Amino acid sequence: MNYTKAKYIMGAAKVSQLPEDTGVEVAFAGRSNAGKSSALNTLTDQKGLARVSKTPGRTQLINLFDLGDNKRLVDLPGYGYAKVSEAIKKQWQSEMENYLTTRKCLGGIVLLVDSRHELKEFDSLMIEMAISFDLNLHILLTKADKLNNKERAQANKMIESFLKTFIRTDKISYQLFSSLSKMGLDKLKEKLDIWYQ
């Protein structure tokens, strides 16, 4: 797949505003400061494709990018310490759940988790949701260039230990990743290529 062809299509506030539910979509999700926009820009080799905001949590829309052949990348709203009201946060969360549970063309979810921190409530929720709805999930442990080898091993172990608490995790995979050094970029592309087949 040629990810450099990605073109912005639209931003939707609600799932009902999305284009027809056909083809294949891969959704990127993550807390506001997990490096989601940077990862999308690195994947597509386009610096400004997904806006890297200085105010985390500004992605309030479901943003879609066309890859051709009825294949799309989806940037889900950043979730976390956004300076918005609880009511708006709840609205985002319900739209996100709606997207993940009703979108038939969803080929998989890439969940971005900051490798330097423990799993947050949102991360755990996303993993649990993927398992309960039998969705493909690939966890990117981002900002791994900032870790030494011991810390990288600890980040992998953290995910491994969490996944051990579930019976079925055959559709879940994880890897270290860095937008800055492009560490793990080829592995990410390989995973997406399978989902887009």
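Cβ from N, Cα, C; glycine included.
Here is what Swiss-Prot records for this protein:
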BINDING   30-37, 57-61, 75-78, 142-145, 177-179  GTP binding site
BINDING   SER37, THR59  Mg(2+) binding site
DOMAIN    22-197  domain 'EngB-type G'
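Other Cβ atoms within 10 Å of the Cβ of SER37 (Mg(2+) binding site) number 24 in total over all chains. If you count neighbouring Cβ atoms within 10 Å for each of the binding-site residues GLY30, PRO77, the highest count belongs to GLY30. The local packing around LEU61 (GTP binding site), expressed as other Cβ atoms within 10 Å of its Cβ over all shown chains, amounts to 17.
Of the listed binding-site residues ASN33, LYS36, LYS143, PHE177, the Cβ environment within 10 Å is emptiest of other Cβ atoms at ASN33. According to DSSP, PHE177 (GTP binding site) is assigned to coil rather than to any helix or strand. Look at LYS143 (GTP binding site): DSSP puts it in coil. Counting only the Cα atoms, the space from GLY30 (GTP binding site) to SER37 (Mg(2+) binding site) is about 10 angstrom. GLY30 (GTP binding site) falls within a strand when secondary structure is assigned with DSSP.
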